[in-house]
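**Q** Heads up, here are the entries from Swiss-Prot:
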type	residues	note
TRANSMEM	7-27	transmembrane segment
TRANSMEM	58-78	transmembrane segment
TRANSMEM	94-114	transmembrane segment
TRANSMEM	124-144	transmembrane segment
TRANSMEM	153-173	transmembrane segment
TRANSMEM	179-199	transmembrane segment
TRANSMEM	204-224	transmembrane segment
TRANSMEM	256-276	transmembrane segment
TRANSMEM	285-305	transmembrane segment
TRANSMEM	325-345	transmembrane segment
TRANSMEM	357-377	transmembrane segment
């Protein structure tokens, strides 16, 4: 089995585990164990080094700590793809880049349409712009050879650009009041990591030591701590198939797929339907997220990618048709992990009472988009 097959098989398993974790979270949040579930996530954990101490509830350790490892993996994957993968052919970058951009703009505009008159609600405009690569590849893999491999590659490229956009959005729009001292320390640790690469240090443990120091500095700076993962990834040496980047990526991938993302899903997807009524389903935040994911994503991606397929003969050799493109566009509306993550950033300092609305919108929008996308691809794609 080559690395590409291994990647897609692992992402398929990851999608299934995410689904199971999300379902368990929803069941638990609507059972007599709901109080225990909420208490478990609120338990404080502390880490002390000398005179410095970091104390956070378990939920934030997952969202700020473990998700930094997830972003480290995303950064490694992006760097690898730019150096020698999907994104290395500059002539093929335009289609997934423009498609991802259109898939970002339309959901954001739909969210803004429903929430333009609510300044606090409006802070969640980026929630429906995300695509969950694990879930989307998991859904597509269930269809087997009905979906051309070239479309799976393209879906991955779109998701990578989507992740890049999410990183930029988090850095620009979801950053708190900044601490210049902590930012200065973060810069120092970043320069040290760059120096380690330049002077050909090839010990992962040394990079991780200064990487943890960078994470702490970023955490204290007001910039979201997960971005430290991206910075670390960009400094990791990549000199071919057996490089440190490859070894670190391979080592992290299983931890992310089998532990970090399912744990994140279980901690964040616990939507309680107790007391749910029609007024909650028509809440501007729910409508903006749900319709942004289901309607906005499919419009943006189908119009953009459909144009390239129909008029520019993109993927002509693979006999990709517009029906398949539409199915892929629908599946890209599965925002789940990243949408929930951005939602937690958007309202954490303004109105936490909106988080149930975020979860309802993300769960319903992602579920409908994923189900309809699966059905469209199943009905319209020929068995190959």
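In case you wondered, yes, glycine gets a Cβ from its N, Cα and C as well.
Predicted, not measured: the structure shown is a model, and the values here were computed from it.
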**Q** Do at least three CB pairs under 8 A connect the transmembrane segment (58-78) and the transmembrane segment (204-224), leaving out pairs fewer than 6 apart in sequence?
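**A** Contact criterion met.
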**Q** Is it the case that the transmembrane segment (94-114) and the transmembrane segment (153-173) have 3 or more CB pairs under 8 Å, with pairs at least 6 apart in sequence?
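**A** Answer yes: the transmembrane segment (94-114) meets the transmembrane segment (153-173) with 3 or more Cβ pairs below 8 Å.
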**Q** Could you pull out which residues elsewhere in the chain have a CB under 8 Å from any CB of the transmembrane segment (256-276), counting only those six or more residues past its ends?
**A** 10-11, 13-14, 17-18, 20-22, 24-26, 28-30, 34, 37-38, 41, 58-59, 62-63, 66-67, 69-70, 73, 134, 336-337, 340-341, 344, 356, 359-360, 363
**Q** Count the Cβ pairs between the transmembrane segment (58-78) and the transmembrane segment (285-305) that lie under 8 angstroms and are 6 or more residues apart in sequence, then report whether there are at least 3.
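**A** Answer no, regions not in contact.
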**Q** At an 8 Å Cβ cut-off, counting only pairs 6 or more apart in sequence, do the transmembrane segment (124-144) and the transmembrane segment (357-377) clear the bar of 3 or more pairs?
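**A** These two segments touch.
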**Q** Grab the same-chain neighbours of the transmembrane segment (285-305) for me: Cβ-Cβ under 8 Å, and only residues 6 or more beyond its ends, written as numbers and ranges.
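**A** Counting only partners 6 or more residues beyond its ends, the transmembrane segment (285-305) has Cβ contacts under 8 Å with 95, 98-99, 101-115, 121, 124-125, 127-129, 131, 154, 158, 314, 325-326, 328-330, 332-335, 339, 343, 354, 357-358, 360-362, 364-366, 368-369, 372.
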**Q** Under 8 Å between C-beta atoms and at least six residues away from its ends: which parts of the chain pack against the transmembrane segment (179-199)?
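**A** For the transmembrane segment (179-199), the far contacts come to 206-207, 210-211, 213-214, 217-218, 220-223, 228, 231-232, 235-237.
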**Q** Can you tell me which parts of the same chain pack against the transmembrane segment (357-377), counting only residues 6+ beyond its ends and a CB-CB cutoff under 8 A?
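**A** Residues 22, 26, 124, 127-128, 132, 135-136, 139-140, 142-143, 146-147, 268-271, 276, 280-281, 283, 285-294, 297-298, 323-324, 326-336, 339-340, 343-344, 346-347.
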